[in-house]
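Trainee: Shown below is the structure under consideration.
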C-alpha cells in the first residue's frame, strides 16, 4: 500500500434520507461525471458508492449487486468486521486512495477483506494479499508489532478464522527465543532483555492470549528467569486494585499464573528464581477470591520447598473463612508439612554417607521462623488448642537448639486462654524440653504462675542437674555446661576453681529461689485446703493428703539437694586448703 497517512475526509449528503460517510472524492476522483449508483449500509451508517469499483475487487459485492432487484439500489452488510471505519478503509482501497496499513488496523482489514472476498481471483494484489503481506513482512518479524496485533485480535473474534492469533503467538515466542540467543552473547543485554522488554510488552495482553504466549515460550525453551519476570509483572498489573471475592476474571488470572509457573529440569518446585514474596502474594489473593484447591496446594507446595527463606510477615495469612481466628493456621501447617517432605526427599536422595549440614541448617531456620509465628498467633483468643499444637507437633525436636521461643509462645497462649484445663496445660508444657531452656527462661519458669506445678519442678530439677554436672566436671569431652547453656573448657586449675566457686554461688542462689517457690506453693496449698474444708467438709481429705505429700516431696528434694551442695562446697574448701598447704 501507499505510504501516505490515513485520510480524514468530510462526509457528503446523497439524495436520500440516510447520511453518507463517503466524501465527494469517492464520486468525483475517478468518475467525475457519474453520480453514485449504490448505497451500502454498514451498522446503520450509509455509504453512497459506485458499483464498478466494488464489484471489480469484491466477490461478495459482485454477488450482492447481481442479486439486486431492478428497483433497489441499497445493500446492507451486517456484522461487518471492524464496523463502518474499517469499511471506509476498504472502500478507499477499492477507489485507489492511499492509506497506511498499521499494526492497529491490519487485523480489521484482513478480516474485512475476507468478509468481502477480496481475493486474487478478482484483482491482483487485492486487499487480502496486501494485508497478509504486511503481516508476514512487518508484523511477524517484530516482537513489538506481533504483540500489538495480538492485542487487537481480542476485539475481533473472526480473526481466529484466519489464524491470526495463533500466528502472532508463534511469532512472539520465536522473536523472544531469537533475542535470547542474541542477548546470551552479551551479559550486558541479558538482564535488560529479560526484565524490561517481555515484562512491559506482554502485560498488555488479555489472560487467554497471555497464557498461549508464555506456553509457547516455555515450549521453545525461553529462559525461566524471563518467564518468571513476566509472570510477576503481569500479576502485579492485572491484579492491581483488588480484591473482589466474586470476580471470575481475577480468579481466572491467578489460576493461570499458578499453572504457568516453571519447574526445573527434574520437575522440582524449588526454583529460587521464583520470588517467595510473589508466591505468598498469589496465595493470599487466591485465598480471598477462593481459587481451586489444586492451585492453592500447588502454591503451598512451592512455598514449602523454600520455606527457610520466608519471613514472619509472609506467614501471617489472614483468615477469610467462616472462622473466628485471625490467621489461616491450617495453610501454614500444610506449608510446613511440604517443607518437611522436601527435607525427607533430599535425605533419601543423598543417602546416609552424605553431608546433611544444609538440610539441618534449613531445618533450624524454619524452626526459628515457626517459633516466631507461634508467638505471633498465640495471643489470639479464638485460636483453638488443636491448631496451635498441630504446628508444634509437626516440627521435629532437632529443629530447635533452644526452646526459649516455644516456651514464650506457650506462655502467651496460656495467658490468652485462661480457661484451659489442667490436662491441657500439661499437654502444652510437655512440648518444652527443659534441657534446652536458657538460664533466663528457666528463671522465668520458676516464677510463672500460669504453668503447672510439675513443669516448674521439672525445670528446677533440670537446672540442679546442670549445675551439679558443672561442679563435678562430669561432662563429655572434658567440657562442662554453664546454666546459660554455654559450653566451656578448663584452661587451668585456677580458672577451674574460680568457675566452681561461681557455680557454687549460683547454685545457692537457685536453691534460695526454690525455697521461695516452695513456700509460695505451701501457702497456696494451705489456702486451697482451707477453702476445700469449708466447701466439702471431709470429702476432700484424700486429695489434700495427696497434695501435701507432693509438696512434702518438693521440700525434701530441696533439702536433699541443699545437703549435697553443702557437702560439695565443703569438698571444694578442703581441696583449696590442701593446695594452700602445698
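Using the three backbone atoms N, Cα and C, a Cβ is placed for every residue, glycine included.
On a predicted model such as this, the values are computed, not experimentally measured, just so you know.
Below are the features listed in Swiss-Prot for this protein:
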DOMAIN    36-103  domain 'BTB'
DOMAIN    196-466  domain 'NPH3'
MOD_RES   407  phosphotyrosine
COMPBIAS  571-582  compositional bias 'Basic and acidic residues'
Trainee: What is the number of residues in the domain 'BTB' (36-103) that are helix, strand and coil, as DSSP sees it?
Mentor: 28 helix, 14 strand, 26 coil
Trainee: Long-range neighbours only, meaning 6 or more apart in sequence with Cβ under 8 Å: which ones does residue 407 (phosphotyrosine) have?
Mentor: 432, 437, 441, 444, 445
Trainee: Return the average pLDDT for the domain 'BTB' (36-103) as a whole number.
Mentor: 90
Trainee: Helix, strand or coil by DSSP: which one applies to residue 407 (phosphotyrosine)?
Mentor: helix
